[in-house]
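One structure below.
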């Protein structure tokens, strides 16, 4: 994989919407790629509706004809699915590669943002500590010894909390 964050080359490079498509866009793209599958599904449904009507009118010959048509429509749909699957296999692989690269890029971006946030927090903490030390309200500050104390302690500052 490439660390540059650029997407893998694909046959979809012309289509900018490919990279961030909605569910409806995905549905229409799939419909465009394999238009025979919905056609086969529609034919199957029509054959079932015709068989149901023929059964209600007690027309056994018409019922058998419609059930045969249903079988033919389902066979057509399966052939369309297999043919489309074979034809679009390469693009699906490229899509998976792109999604993996995009996922890795987002993971790295999230990590970089987190590190930047930690660095900013650390910098702010250091600035607050520095301000406290400069104001004299900080952790340790030297305490002046009075001049009336013994000479051994005069020039030696003691640490007070």
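The backbone N, Cα and C atoms fix where each Cβ goes, glycine too.
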Open item on the list: Between 91-118, 119-146, I'd like to know which one TrEMBL lists as coiled coil.
Closed with: 91-118
TODO: Identify the transmembrane segment range according to TrEMBL, selecting from 53-70, 71-88.
DONE: 71-88
- [ ] Kindly report the helix/strand/coil residue split of the domain 'HIG1' (8-99) according to DSSP, in that order.
- [x] 76 helix, 0 strand, 16 coil
